[in-house]
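Over in TrEMBL, the protein carries these features:
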type	residues	note
BINDING	HIS176, ASP178, HIS191, HIS202	Zn(2+) 1 binding site
BINDING	ASP183, GLY184, ASP204, GLU207	Ca(2+) 3 binding site
BINDING	ASP361	Ca(2+) 4 binding site
MOD_RES	TYR391	phosphotyrosine
Amino acid sequence: MCNSNKSETTMLFLLLRICLLALLVRPTFQNDAISYLSLYGYLPRGVNSPNSESIIDEDTYVQAVMKFQSFAGLEITGKLDNETLETMKLPRCGVGDNLDRINGKRTKRYVLQGSRWRIKDLTYKISKYPSALSKTLVDIEVKKAFRVWSEVTPLSFTRKTSGPVNIEVRFEKGEHGDGDPFDGQGGTLAHAFFPVFGGDAHFDDSERWTVNTYKGTNLFQVAVHEFGHSLGLSHSEVRASLMAPFYRGYQPDFELHRDDIEAIQALYGRPTSHKDGKDSSESNPATTEDPRPIDRANETTVDNAPDICDVDSIDTMFNSAEGITYVFKGSLYWRLTKTAIAAGYPRYIGMSWKGLPGNIDAAFTYKNGKTYFFKGSQYWRFTGKSMDKDYPKLISNGFEGIPNNLDAAMVWGGNGKIYFYKGYKFWRYDPTQKPAVKNTYPKAISNWEGVPDNIEAALQYTNGYTYFFKNKQYYRFNDNTFSVDSTNPPFPRPSGPWWFGCDESNARYTGEKPTEEQDSRRLWSLNKEGTNDALDGALLRWPWS
């Protein structure tokens with residue numbers, strides 16, 4: 001009898017133990033979720049270690065999942081459904097999420113961390129650059145990112161190259177000394193420290209940092225977000241705000257959300273009308289401690305200037321390293337906005353790009369941040385609007401194998417190589433190879449299916465499409481299909497209403513009124529992984545290699 005009871009007790013104990021072990025043994029995705037929730041503030045930091053999993057009771061775990069779902073704007077179920085798991089896989093900032101709103105302590109949608117800088121003129125330096133993006137481009141993008149915040153606050157930011165600064169910017173891999181190691185490509189993109197902890201910003205050098213393209217991870221947008229932390233902002237649960245924790249991909253028309261502006265102004269106030277010339281937007285991107293102010297006195301508008309809507313042709317069109325699109329014609333140039341020509345244009349080319357003549361044949365900005373201008377047998381190289389030393393030079397010396405008197409030039413997004421066009425021919429130039437122009441060139445422009453001969457300009461715009469211009473018309477080339485797009489209205493379309501904001505009478509266009517969604521702001525995305533392989537594979541099928 002006694003032995004029977006003992007046996008029953010032993011069996012019951014074993015069954016209970018089996019049940020308990022079954023509860024404690026979680027599938028991999030659940031363990032990954034626990035690590036994620038611990039890393040970003042939804043569970044205590046220690047629980048992401050395998051030895052401590054057993055101390056998480058089911059109720060604590062479900063509450064953590066619900067908090068995450070609430071913060072991410074998902075349906076609050078407490079379960080690891082597909083949408084929750086997919087959201088956890090999104091690339092994001094490494095700073096933890098502030099849960100005050102969920103805990104009932106918050107009255108505003110934006111979140112202030114609680115510390116701020118007590119000075120308004122801040123300094124920064126980039127002490128370590130990424131391995132796969134030029135220093136010039138990084139300098140420009142970081143400067144632009146700080147400018148976003150200076151434009152809506154009284155703050156100013158000045159770059160230094162040595163000595164102590166308020167905010168140090170570094171690109172690192174893996175463990176880098178702050179206790180928050182990076183995890184390789186994807187996952188955590190960057191993290192920053194709030195003012196009370198020093199304000200420094202670290203970026204994962206394993207990421208493929210890029211500029212003005214849907215490929216890779218856009219440095220500018222991530223930097224603006226991280227510098228928001230450096231200034232005292234926590235993450236926002238407003239999904240459209242910059243300070244939301246998740247990276248949404250490249251946005252060519254990026255601007256701060258109202259939530260972001262209200263948050264930063266709650267800390268520092270509105271911008272003042274005069275900042276004593278200290279705002280970083282007035283410094284040359286190539287300068288260091290002693291930025292040279294840009295001389296804007298000579299960038300005057302032109303009296304009795306021709307209307308670009310009445311111009312029969314253009315000389316060239318290109319994007320600057322800052323992502324600004326310019327149109328050249330004769331001795332004049334225009335700056336494009338998102339939908340038309342910027343106010344105060346045209347201006348004289350020679351007064352803005354000192355030393356550069358008019359009637360330019362072709363221009364492009366390369367990934368080193370330099371802009372190259374071609375005319376006749378010569379070319380000029382500029383950093384921003386400052387001509388580099390010892391220019392102009394002969395095309396035959398600097399771009400061996402490329403002819404004089406070009407029609408157009410561009411850096412093609414399909415492979416990052418430079419393409420030159422003249423008459424019915426084109427040349428591919430790769431400065432990383434010897435010779436830079438293969439002996440299979442030139443080739444017929446007809447290889448670019450649907451693109452005409454004798455083009456006036458070519459560029460890859462910020463929406464990822466390649467555009468060709470000729471005779472007041474333009475062609476949109478799809479790098480995926482390797483042909484001019486088939487759309488309604490068809491290509492070519494008049495450049496006037498679609499690019500320069502001209503009315504239909506000026507453009508002599510009677511078709512449907514253009515909209516941003518229809519064309520120049522229409523977005524298409526490329527997968528981060530495998531894009532280059534896919535494009536290179538497709539290019540092998542072309543007569544271009």
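A Cβ is built for glycine as well, from the same backbone N, Cα and C atoms used for every other residue.
When the C-alpha distances from ASP178 (Zn(2+) 1 binding site) to the recorded positions GLY184, ASP204, GLU207, ASP361, TYR391 are tabulated, the minimum falls on ASP204. Ranking the binding-site residues ASP183, ASP204, GLU207 by how many other Cβ atoms lie within 10 angstroms of each Cβ puts ASP183 at the bottom.
Between the alpha carbons (Cα) of ASP204 (Ca(2+) 3 binding site) and TYR391 (phosphotyrosine) lies a span of roughly 37 Å.
Listed in sequence order, GLY355, TYR379, TRP380, ARG381 are the same-chain residues six or more apart from the residue listed as 'phosphotyrosine' with CB atoms under 8 A from its CB. Neighbour density at the Cβ, taken as the number of other Cβ atoms within 10 Å, is lowest among the binding-site residues HIS176, HIS191, HIS202 for HIS176. Geometry remark: ASP361 (Ca(2+) 4 binding site) versus GLY184 (Ca(2+) 3 binding site), CA distance 43 Å. Across the structure, HIS202 (Zn(2+) 1 binding site) and GLY184 (Ca(2+) 3 binding site) place their CA atoms 13 angstrom apart. Its Cβ placed at the centre, ASP178 (Zn(2+) 1 binding site) has 14 other Cβ atoms within 10 Å.
For the pair GLY184 (Ca(2+) 3 binding site) and HIS176 (Zn(2+) 1 binding site), the C-alpha distance works out to 13 angstrom.
Around the Cβ of the residue listed as 'Ca(2+) 4 binding site', the number of neighbouring Cβ atoms within 10 Å comes to 24.
Classification of HIS176 (Zn(2+) 1 binding site) by DSSP places it in coil, neither helical nor stranded. According to DSSP, ASP183 (Ca(2+) 3 binding site) sits in a coil region rather than a helix or strand.
Cα spacing between HIS191 (Zn(2+) 1 binding site) and ASP183 (Ca(2+) 3 binding site): 12 Å, rounded to the nearest whole number.
Under the DSSP three-state reduction, TYR391 (phosphotyrosine) is assigned to coil, being neither helix nor strand.
The Ca(2+) 3 site is set by ASP183, GLY184, ASP204, GLU207; from the centre of their CB atoms, other residues of the chain with a CB within 8 Å are LYS173, PHE182, GLN185, GLY186, GLY187, THR188, LEU189, ASP205, SER206.
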